[in-house]
Ligand SMILES: Nc1ncnc2c1ncn2[C@@H]1O[C@H](COP(=O)(O)OP(=O)(O)OP(=O)(O)O)[C@@H](O)[C@H]1O
Ligand SMILES: [Mg+2]
């Protein structure tokens, strides 16, 4: 469903992602682990096209999308959430979801009707609000909801374009352990045919949702396999727990 | 995202009633001032659409108005096309010009956007100024107003023309509201709040900006057509960047991104101009001081200040009123 071949990116002399090749099957749920600065977010930026890669290619549903702009890749079914909330501040939760849904349904550029009032758009908004537990907050302004709820909305907005592949950059970053657990239940309840690529810091939580695990260290894929293999891997412990203790 | 609140409705009704009353009662000089207000109001509605709802602070809306005025005169007076057709043509030409400017400037933001639009405006100004076909510095005269005699309206009469401009202003306000509430307008709000996210969600951002800029340009062009018909003479000064600057002042004075604020701003600006210029030639100084006071107050213009002060209270009252009405209905049902 989503494949990368030999992706590379440097910022000046800093080589941030090195020769990253990944392959996700339809419906696969893969978690990317890796210490701070490993290049995880950079890889996401390359996948969606917000950063141009120095080398390599990105394939979505069998098609080479490397040359496509961000918006075009998104319309082909690639959606992402951000590590740092990237919401429509000043608008309501409902409007946030509605803007995303109206792009997916093709009502975002019409002059002849209100996209947010369209039945298809409203239906997606309701569905997504249910999926990410936002029903009680639909009419609240983004500025009025708590940080944790905003994290849910961050994922909700990405979901409202009804993507084939959803990239989530540390959806639980900054939320308490209680809420993080809730988040993982929520992820487990997403439709099974949705392909998920999730950056996650907490290993236990990662193992909770992952079908497969990729570990990135200094921009390189150092592990690619099943969670149970990862659990036993001494390499992983070294990189991951090592940096954990440093932090 | 644009919303009508009870305070906004109330202000609209008040503005409309006073305007209607004045149109029917004012003498010649008053009618001239009213017409000036209405035309400026059309222009600042166009500007608020892009600046207040799309973050596109344009310094070429004066020039767009000028393009509309010149296009109308060229089509009607020089090419001899019937005024209604010339009017539609002028609006279309300005819309296309604005769309192109919007498409080119869509990738720049903030000060760079302002400068890019200013450059386009200045190009239009100097072209009109230099090209002999536009009459250069002397401008063009002999402009005819629309002929509405088939419905018994004589637009050469000041009162009829003022009423005509008011009717157009009302229609433009309605159109602006519809545009802002359409899918395109919603997306524009999304872009203003978070352009990166809209793009990541799959929106072709530059197209949305260009489309709304084009629509706004059509409205500015319409203001130009009205201005040409009002004065019945046009000169390159119409395209000068100071006209754009003045329109921006009016929008900020009234309240950016409220649509109604700029209407209030247009009334305040034209009234101040006429009242003060009768007393002192330094009236610009006074307007400047007022503008500084408004900006320093950190309120969103005159109307923003009203909304901060009264909006919440009036909205709550209105909500209570509807709730009481509902409970009464329930009680009477029982
Ligand atoms: N635009 C940029 N310009 C220069 N350097 C950058 C840029 N973006 C990221 N980097 C650098 O690239 C490295 C990887 O950053 P990235 O954000 O991808 O890491 P990460 O794995 O997501 O880390 P974290 O777990 O902290 O989110 C870091 O050293 C960062 O400073
Ligand atoms: Mg990161």
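Note that the numbers count up from 1, one per residue, in the order the chain is shown.
A Cβ is built for glycine as well, from the same backbone N, Cα and C atoms used for every other residue.
Keep in mind the model is a prediction, meaning the values are calculated, not measured.
Per TrEMBL, transmembrane segment is recorded for B:35-55, B:62-79, B:85-104, B:111-129, B:161-180, B:212-235, B:247-270, B:282-306.
The stretch with the most CB contacts under 8 Å to the transmembrane segment (B:85-104), chosen from B:111-129, B:161-180, B:212-235, B:282-306, is B:212-235. In terms of C-beta pairs under 8 Å, the stretch of B:111-129, B:212-235, B:282-306 lying closest in packing to the transmembrane segment (B:161-180) is B:212-235. Under 8 Å from some Cβ of the transmembrane segment (B:111-129) lie the Cβ atoms of residues 56-60, 62-64, 66-67, 70, 97, 101, 104-105, 136-137, 236, 239-241, 244, all in the same chain and six or more residues away from its ends. When Cβ-Cβ distances below 8 Å are used as the criterion, the transmembrane segment (B:35-55) is approached by residues 2, 19, 61-62, 64-65, 102, 109, 158, 161-162, 165-166, 168-169, 172-173, 176, 179-180, 185, 188-189, 191-192, 209, 212-213, 215-217, 219-220, 222-223, 226-227, 230, 247-248, 250-251, 254, 256-259, 261-263, 265-267, 269-271 of the same chain, each at least six residues removed from its ends.
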